[in-house]
Amino acid sequence: MGSGRPSSTELKGGDDAKAPPPPPAALHKELDAGAQFVLKSRGSWIHCGYHLTTSIVAPPLLSLPFAFASLGWTAGVASLVMGALVTFYSYNLLSLVLEHHAQLGHRFLRFRDIATHILGARWGTYYVGPIQFLVCYGAVVGSTLLGGQCMKAIYLVSSPEGNMKLYEFVIIFGGLMLILAQIPSFHSLRHINLVSLLLCLAYSSCATAASIYIGSSSKGPRKDYSRNSNNETRIFGFFNALAIIATTFGNGIIPEIQATLAPPVKGKMLKGLCVCYAVVTATFFSVAISGYWAFGNGADGLILANFLGDGEPLVPKWFVLMTNAFTILQLSAVAVVYLQPTNEVLERTFADPKSGEFSTRNVVPRVISRSLSVIIATTIAAMLPFFGDINAVIGAFGFMPLDFVLPVVFYNLTFKPSKRSLIFWLNTIIAVVFSVLGVIAAVAAVRQISLDAKTYRLFANI
């Protein structure tokens, strides 16, 4: 696109690209326990597609009709299209940066490592590393909370007079996570993430079908697409909705996913992204458009909640149960994917790379540390059950810089395109626009929390 694009010779790495990859023994001498045991480089491009799809096409997409309620039809569809185009573009740029350094003999397996190399040690250690950890661990908390909410929905449909509390279902979901958290490496999740891909297609199809059915029936609510008349509420709601959409497209672990690819990695990430965004197109737009069409500005923070009217299902009971079951199962896969950066840090801290992966020396601290990590996340989810607010804050503070800003900055600093080239100015505009949007969305998200704070109670049964 611009004169700064690396030449084919640079990308191929000359004759060196034909050299066989170093044997595992030689590679492991340079790897710490986190990289050696959690970020194993054994996957194919299709495995990469499974990981990408699970990390992006997740149940937060069921919040898209709620975001549309604050944006309206035109801004809603435009924001969704823009989010898809910009994230696909930025993820591909980040992949090219990682490929370029790998061909130069420096394969970076973690986001903070590539940030440290390009921006300096302070940026990697004190900005990118902590933000990525908070984003990923926040996604685990959010997934655990949403899993508990879906379990409670199934319970109330089956037993309307039941008296179990939300935090009890969050704890049950946390018990499932305790088991899945022990899966040793990111690559080991490839089969689970294939099932996850099928599950996201399943519950998205169910949500779309239910919205169309309810919107077309006499039982459905009156459609109202009007915007809030209060200017302040409308403006902040607009930016809060943008933060929700950013979170929905958010990933935050592109380098870690690319690290699972067996060398050589050239071109594999792009194929994986194509798989992922085919699923994104099929799910995001269908759920957002059908949900907003059916419920208008009455769309709830999670569209599944709209399928119950005054506690009674507006679609067959078995359909509600099935949709929530699909969502719960995929949430478990999403949560365990976003646990991987935490697992990598724990493994690097407590494991011995010179001992076997499944030696007693490494298995005992692995089980203890990962279990504690899940217990803490479950406790936070049970104490603070406000998924919509958490979703918006994560999008504003974390996913905006990691997924929209840093990839284009890394590309410009790595390949140094001419300041007269289209790609330089496109990347600069993306970085500036989404930095500003991130700040405004952060303010809007914090404002929403302050407005809702009066309703907050620890372990609230909502």
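Note that Cβ sites are derived from N, Cα and C of the backbone, with glycine treated the same way.
The feature compositional bias 'Polar residues' is assigned by TrEMBL to 1-10.
Taken from TrEMBL, the feature domain 'Amino acid transporter transmembrane' covers 42-446.
As annotated by TrEMBL, region 'Disordered' applies to 1-25.
Here the transmembrane segment (50-71) has long-range neighbours at 43, 79-80, 87, 142-143, 146, 186, 189-190, 193-194, 196-197, 200, 203-204, 207, 211, 227-228, 234, 237-238, 240-242, 244-245, 247-253, 257, 260, 272-273, 275-276, 279-280, 283-284, 287-292, 294-304, 306, 327, 330-331, 333-334, 337-338, 388, 391, meaning same-chain residues at least 6 beyond its ends whose C-beta is under 8 angstroms from one of its own. The transmembrane segment annotation in TrEMBL covers 50-71 (among others).
With a cut-off of 8 Å between Cβ atoms, the residues of this chain six or more beyond the transmembrane segment (77-98) that come close are 6, 11, 56, 64, 67, 71, 107-108, 114, 118, 241-242, 245-246, 248-249, 251, 254-255, 258, 265, 269-270, 273, 277, 280-281, 284-285, 288-289, 403-404, 406-408, 410-411, 414-415, 427, 430, 434. As annotated by TrEMBL, transmembrane segment applies to 77-98 (among others).
Annotated transmembrane segment per TrEMBL: 119-146 (among others), in sequence order. Under 8 Å from some Cβ of the transmembrane segment (119-146) lie the Cβ atoms of residues 58-60, 111-113, 170, 173-174, 177, 250, 252-253, 302, 327, 331-332, 334-335, 338-342, 345, 374, 377-378, 380-382, 384-385, 387, 390-391, 393-394, 397-399, 401-402, 406, 409, 413, all in the same chain and six or more residues away from its ends.
The annotation transmembrane segment is assigned in TrEMBL to 166-183 (among others).
Under the heading transmembrane segment, TrEMBL lists 195-215 (among others). Beyond the transmembrane segment (195-215), the same-chain residues lying 6 or more positions past its ends with a Cβ under 8 Å from any Cβ of the stretch are 49-50, 53-54, 57-59, 61-62, 65, 223, 279, 282-283, 286-287, 290-291, 293-295, 303-304, 306-307, 314-315, 319, 322-323, 326-327, 329-330, 333-334.
Outside the transmembrane segment (235-254) by six or more residues, the chain places 52, 55-56, 60-61, 63-64, 66-71, 75-76, 79-80, 83-84, 87, 91, 94-95, 98, 111, 132, 135-136, 139, 228, 280, 284, 337-338, 340-341, 388, 391-396, 398-400, 402-404, 407, 437-438, 440-445, 447-448 with a CB less than 8 A from a CB of the stretch. The annotation transmembrane segment is assigned in TrEMBL to 235-254 (among others).
If you look up TrEMBL, you'll see 275-295 (among others) marked as transmembrane segment.
Under the heading transmembrane segment, TrEMBL lists 315-339 (among others). Same-chain neighbours of the transmembrane segment (315-339): 51, 54-55, 58-59, 62, 136-137, 139-140, 143-144, 146-147, 150-151, 153-154, 157-158, 173, 176-177, 180-181, 183, 186, 189, 192-193, 195-196, 199-200, 202-203, 206-207, 210, 213-214, 253, 304, 307-308, 370, 373-374, counting only residues six or more beyond its ends whose CB sits under 8 Å from a CB of the stretch.
Marked as transmembrane segment by TrEMBL: 367-387 (among others).
The feature transmembrane segment is assigned by TrEMBL to 393-415 (among others).
Same-chain residues lying 6 or more positions outside the transmembrane segment (422-446) and placing a CB less than 8 Å from one of its CB atoms are 1-2, 4-5, 86, 89-90, 93, 236-240, 242-243, 246, 389, 392-393, 395-397, 400-401, 404-405, 408-409, 411-412. What TrEMBL lists as transmembrane segment is 422-446 (among others).
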